[in-house]
């Protein structure tokens, strides 16, 4: 290699100097003067924006929430154990974003969409802001497609449509999560992407849900977002928005999605904790003044998009826990007013053996009836009224000794209709199975059986229909209408199986 002369070297250096353009990079730095309980107070950061991501010396991220006269209050997205007084903080100029994409299906992630299932990193190119704006009025269309839950009580009387927000509300241990998980199981083979968000739950409860979904092959189309009870309040507050963001990716690619928030009471409590530590003024039940906005901006992201945007949808099933059935508390009333209806679960019904323990009287679906399949409307039209009258009569009959025959008949019919609504956990039914059961009940065919025999008979009838009259199922699946031909087949099957069932009962 030839040695360069001093002249050549000086010319080379001159060229490099001429090509150099000085760059001045301004970084807004601040100093931590107080840290603890997941909150940091910082001097400086005069150009920080509300909701901006901040980076601490040890790599921990935070979000600027309080912009005060001489300091910034930030919440930490981690334990922050290495942050001390005097630590430096810098603005990033970004807001909280998470990666999104197909690769998340079947994965378990934390409140910032980081995998926690030990299956390695999630390979994806796209990302979305955690706090994305909800679709506007022009971007939406009215709810018109059904989202079948597989539960007779819900699909017949409180139907849910794709793009709807339907609240599941009740005391602890009344089966709220069971309804949500059954709905996920029932989406198998229907192309619906499900996101289950566990907020402030025990790790064992989330593991139980995960195992149920795995066993039933439902994890392939489901994402689980978890912010357990032992995680910082910030992650419990962000987890629902992360779940909505993951679902939005699929919604904007034209697919139906289902998001379950289990439960929003815990998110509100985490937000209350953060707000009180940030010294924000407390309001009713010590919640901050913007706790309504906390839930409204989350649930407004659920929508049915119009044709131009690909007709995707996000259906939200938020869960709220009540204390002693008190639906007039602050968070329950807020979420009831935001959602398009509620499924109310009563502890008394649950303990009396009616499961799912849905109180039909005060449960309602404000937009779902437009999405209910025609076949279901045909057989379940008067069901809610009949059950309400039965509940009234049942209460009255406890005090009356001699009842006329018509009242006795109505009580007998009501008891059998109530049996139709009972359903074991993790066994959702298809529309054709539900229609056959309801037709048998509302037309008096079950009156010939003892109340204790009804569930066994209906279970056998469903198998008998599938094996002996497959055409009935084909008609309902293709037309979603209870045609005269389908009705004839069901009548025939009911009568035939009734004789068979009675002879089996006698033999036993």
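Cβ coordinates are placed from backbone N, Cα and C, and glycine is handled just like the others.
According to Swiss-Prot, the ATP binding site annotation covers 170, 171, 172, 173, 174, 175, 176, 177. DSSP gives residue 172 (ATP binding site) a coil state; it is part of no helix or strand.
Taking a C-beta cut-off of under 8 Å and a sequence gap of six or more, residue 363 (site 'Required for activity') has these contacts in its own chain: 157, 158, 341, 342, 343, 344. Here Swiss-Prot flags 363 as site 'Required for activity', drawing on sequence analysis.
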In the three-state DSSP scheme, residue 363 (site 'Required for activity') belongs to coil
Minimal Cβ count within 10 Å, across the binding-site residues 173, 174, 177, points to 173
Those same-chain residues, other than 170, 171, 172, 173, 174, 175, 176, 177, found with Cβ within 8 Å of the centroid of the ATP-site Cβ atoms are 321, 345, 347, 350, 357
Comparing local Cβ density (other Cβ atoms within 10 Å) for the binding-site residues 172, 176 points to 176
Ordered by sequence, the long-range same-chain Cβ contacts of residue 170 (ATP binding site) under 8 Å (at least 6 apart) are 176, 321, 322, 325, 344, 345, 346, 347, 357
For residue 175 (ATP binding site), the number of neighbouring Cβ atoms whose distance to its own Cβ is within 10 Å equals 20
